[in-house]
Structure formats: C-alpha cells, structure tokens
C-alpha cells in the first residue's frame, strides 16, 4: 500500500509541476502580448483562423472563415476544444491558454500511461517528467495552435494500441473487439484535430497483423480499428457533402498545403502569398475545385522538377530536426541555447533507448514511429519544428529508456502483462 501511495504521489507531483510551468507560460505569454507586442497571437495566421472558427462553434454560427467563405478549411476538433473556454469565459485569450495548459498536462499523464503500458512504471514516470519540463513543449503549449491538443489525442490512440498489443495469444472475443473499436475512435478523435494522422491507423493495423499472432485475430482487430476510425469521421464527411457537394473525411486545404511545399518559389518554409496572389476563389472556383487545382499544380511541378523536389526535401528535413524554431522572431541566443541543451540529449538518449528496444518493433513503433512519420511527411509538405513537437511526447518513452540504460545499465523487455 505504501508503495502504491508513493507511486501516486510521484505521478501527481510530476503533473503538478507540468501544470504549474504551463500556466506560468500562459500568463507570461499573455502579458508579453498585451504589454509589449500589443497583439493577440505570437504566431499569427493559423492561430487567428482557429480562434475565429472556435467563436463560430461557441456561438452556433456557420462553420466558415474568410470571404468567399471556406467551409472545409480546418478540421473541427481544435476549434471545438477552444470553444469550451470561450463559451464559459467569453473571448478571453488567457482562459484559452490556461485550458491548453490543462490539455498539455493531460498529455504528460498520457505519456506516463504509454510508458507504463509498453515498458514499466518507472519508465513512464521518467518520460512524463521529461515532458513536464521540456522547454519546447512547455513554451509551445499556450499558443493558440493545435499541436498540444493533437499530441494529447495522438497519445490516447497510441495508449489504446499499446493495450491492444498485449492481447496477442487470445482468441478474438467481445473484449478485444471493444478495445479495437475504442482505439479506432481515438484515432478518429486525433484526425478531428489534425488530418495527417488518418494514414497512421491503417499502417498500425497492418503492422499489428504482421507482428501479433494469431493472424486471423489480428486481422479482425486491425480491421475493426480502421472501420471504427472511418465511422467516427462519417458525421464530418456527411456535413462536408452537405456544404460542398462532395464527400470527403478531412479538409479541402491539402491542395494549397501541398503546393506550398512544391512550387517554383518553395524553400521548405510556409509562404502562402501565392494563394493571395492567385485569388482562384474570387475568380469563381469552388472550394473543392481550388483544392484539386493546387493538387494538380503541385504534382505537375514535382514531375517536371525532380531535382528541386529532392533539394527541397533535404531543406525540409533540416528544418524539421533543427533544435530551435526557424522563424526570425525566435532567434534569441538564450532561447537557442536552452532548446538545444534539451533537444540534443533527448535525441541521443532516444537513440540509446531505441537500440535497447530494437527487438521489440511494436514498442518502437508506438514510441518512435510518430516522429519518423512526420519527418517523412514533411519532406513533402512544408516543415518546421512545430510539426515535430506532438511526436516528441511519445518519443520521451524511448528517451527515458535510454537515460536509464546510461545511468544504471538497466535493460528492458516489452511489458506484456494484462
């Protein structure tokens, strides 16, 4: 009993520190924005759009933004989360930032859960503690951007998969059918925040079938997972058909996003000036036609300019893995030093942890797969540190394994207990 109480207190202390640091970051950021920068957002653009859509959700208005209206620009998950503090406290940026601090703390708790489920309790605690004090994760949490909320939902889906991975020798029954369905729903929840997670569910199901026996039970569980995710997205797809005349499960912003990363002026950074210059919506294209138009332009440019595409891919890769933000506004040497001092050991210990778990591909996939997936994805789309941040949360489990190996010589095996 004493051990149980101490364990609980350890986790509670870590989460309390995580919350305290994130609330302090939220308050500090709001003060700087109000009194020094005198603007609403540290990183404008996406944040302003999310805030406006959150107001639409909170006040029951049409879910659309800009003129002509774009009704399928963003997934509704993050605006719906932001609508909660808006509904309770009005248009208070500070309340929204504190709400995001709570979500960021929840993400730290989910990291503990993932570490405990895949490895052991101590690893989960260390991983959660690393997330709690990570300067990049703490600093990014109060921004009105979807990364922290996406990290929490991403982690929830991975925790579900960790439990599903334990049931390897059981015959297929109603319990694992229920768990696979819940896992699929959690994947759907993450896709409602960030559509790029859509591809991970079928990849997870396929890997589960390959790695986990018996094969037929794996096929049934994996199939249920994917089906549950797709079913969870059906309401959004039906809504999209109603407002655009086309059925799709994500958004109509992939085309411009793809062209942003693959065009004659592309550098690897986001620069949407082409969209304002082209004004294709004002010239009569529908939102769906606009999306298809830019997809086609991006494909044509990639096929005609493979050398530039390869060069861009390496530029994007460097931007993704850079320890500090790429934007000029963050080029303070003290910030660069702080972020680098945390990032380089984190990556080093994560590599050590990955080597320790090299014979456990399912655990490696759940903890390190996300950061590699987004690295590959953003060799095509534009890239920056912010796209890496959600994947750093599960990576902390590998980092915790590597840290323990270096400090105490501890070795690891997959936690397969029920």
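Placement of Cβ uses the backbone N, Cα and C atoms for every residue, glycine included.
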39-58, 59-78, 219-238 - the one TrEMBL records as transmembrane segment: 219-238
Outside the transmembrane segment (335-356), six or more residues from its ends: residues with CB under 8 Å to it: 130, 134-136, 323-325, 364, 367-368, 392, 395-403, 405-406, 411-412
Considering the transmembrane segment (362-382), which listed stretch of 125-143, 149-165, 177-199 counts the most C-beta pairs under 8 Å: 149-165
Same-chain residue ranges lying at least 6 outside the transmembrane segment (149-165) that approach it to Cβ under 8 Å: 77-78, 81, 100, 103-104, 106-107, 110-111, 113-114, 117-118, 176, 179-180, 182-183, 186-187, 189-190, 192-194, 197, 200-201, 204, 208, 212, 221, 225, 362, 366-367, 370, 389-391, 393-394
Selection from 94-113, 125-143, 219-238, the stretch that has most Cβ pairs under 8 A to the transmembrane segment (177-199): 219-238
Cβ-Cβ under 8 Å with the transmembrane segment (125-143): same-chain residues at least 6 beyond its ends: 10-11, 14-15, 17-18, 21-22, 25-26, 29-30, 41-43, 47, 97-98, 100-101, 103-104, 107-109, 111-112, 114-115, 338-339, 342-343, 346, 385-386, 389, 392-393, 396-397, 399-400, 403-404
Same-chain residue ranges lying at least 6 outside the transmembrane segment (94-113) that approach it to Cβ under 8 Å: 11, 14-15, 18-19, 22-23, 25-27, 29-30, 51, 54, 81-82, 84-86, 88, 124-125, 127-128, 131-132, 137-138, 141-144, 148-149, 151-152, 155-156, 159, 393-394, 396-397
